[in-house]
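Trainee: Following this message is one structure expressed as structure tokens.
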């Protein structure tokens, strides 16, 4: 079965995937240093760059710093109620489309929000404070899952040895817990930093003005509002160089495990001091309130005027376009990622294996906004984007999800080849029966996992549609943004609930596949 796929399609796929990135970079080389675009001499450019880095640093520091004590409580407090449900909710919060959260934050912390009367008189949601709130909401759950799984992965023998040696809690933390986290923390901080550095929807909706603009927002405004391609290309190059350099630096640290539940979650743990347990449960309650209140605020607001007079047709149309884009991107990314993963495992040539990995993973380095701007400018005199923009939305969402699909499927394909390939070949099955009866059942949990996450990520796309989308094809995230921008918060809350429901479907696939994978699929160490 190692020659199931012919090599000519493989060569064409490599050429196409590299070609798309190359065309985007070629468009970036079309930038010319005119007096209007010599932005390195403009104080505005340095202000945007400083704020982009500063908000990303603060967001990462807060997310990781707040996650550490709670992740330790989740790992050590065996009687903490609702841990499994809480970690599932954390997964939904991390992959949740940003516009759902933004609507909830406006309802809770906005001018007439639930908690605004109890905040200081100078409180403003729009600006750095709102950006930090949103980024912490989105990234704190990710940090919690990564750190709690890492704590749970500490062998019970290490805890028992620490107990036998009568180590103090501080000694146990320094000798048992900290070594397990030391290699993980820089990579975790760096990954969250990159997410916040490339943030678009949060800053566009909650930025509040030019003083709190980031590179992604500046690129979007230069291209869509001012139609200054030279300025957009200069800013895109800046973002590409910084994001690519940071990714290369941070990717040198360990892999972050955040999808699969830990198999040692119920293993023996030492009893903690009562004060430590009380503090951990207090933090647990506060974080749970922070992660649920913005979402709960959507329910009463969405139905505060009853069901009459709501824009049901606009909601249905936006839902239809969102589903079309998300499902199409998911099918393309999953199919292409599986094909590349299978080829990477079955190829004999080490050079081809490395080439395929570079092809599949290089989209991690290119921010979505940079890729979109490059493709848009390169083809803007060759393609009518008013007519074909929808196709670019689907394809670019699929390409940006491809590294995750490849990264998740390749180890599973390797497991299959090592465990079942020879046995399946001895059965003498045809190609179709072999895949239907043997391969697909083995890969099903992993395919569900990657399809679920690809669906949720494409469903919440905001940046790519912002470049290529058209008003008549408006998706749910952009409908929510338009409604919230015009202070129609009732309709925005209703649309957010609809988007949340669709995202929950993808999460259900993801969680179900994780449980199946943990129970049935052998894991590589």
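Just so it is clear, glycine is given a Cβ too, placed from its N, Cα and C backbone atoms.
Please treat TrEMBL annotations as automatic predictions, because they have not gone through curation.
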Trainee: Do you know which of 360-379, 420-439 TrEMBL annotates as transmembrane segment?
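Mentor: The range carrying the transmembrane segment annotation in TrEMBL is 360-379.
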Trainee: Which one of these stretches, 232-250, 251-269, shows up in TrEMBL as transmembrane segment?
Mentor: 232-250
Trainee: Hey, does the transmembrane segment (86-110) touch the transmembrane segment (450-469), meaning at least 3 C-beta pairs closer than 8 angstroms, sequence gap 6 or more?
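Mentor: The answer is yes, given that the two segments have at least 3 Cβ pairs within the 8 Å cut-off.
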Trainee: Kindly say whether the transmembrane segment (360-379) and the transmembrane segment (232-250) touch, using the definition of 3 or more Cβ pairs under 8 Å where each pair is 6 or more positions apart.
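Mentor: Counting Cβ pairs under 8 Å, at least 3, so yes.
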Trainee: Do any residues, 6 or more residues outside the transmembrane segment (489-510), come within under 8 Å Cβ-to-Cβ of it, and if so which ones?
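Mentor: Contacts with the transmembrane segment (489-510): 88, 91-92, 95-97, 99-100, 103-104, 106-107, 259, 295, 297-299, 301-305, 310-311, 315, 318-319, 322-323, 326, 448-449, 451-453, 455-456, 459-460, 476-477, 479-480, 483.
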Trainee: Is the transmembrane segment (232-250) in contact with the transmembrane segment (53-74), using three or more Cβ pairs under 8 angstroms as the rule and ignoring pairs under 6 apart in sequence?
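Mentor: Since fewer than 3 Cβ pairs under 8 Å link them, the transmembrane segment (53-74) and the transmembrane segment (232-250) do not come into contact.
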Trainee: Among 86-110, 130-152, 232-250, point out the range having the most Cβ pairs under 8 angstroms from the transmembrane segment (278-299).
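Mentor: It is 86-110, which has the most Cβ pairs under 8 Å.
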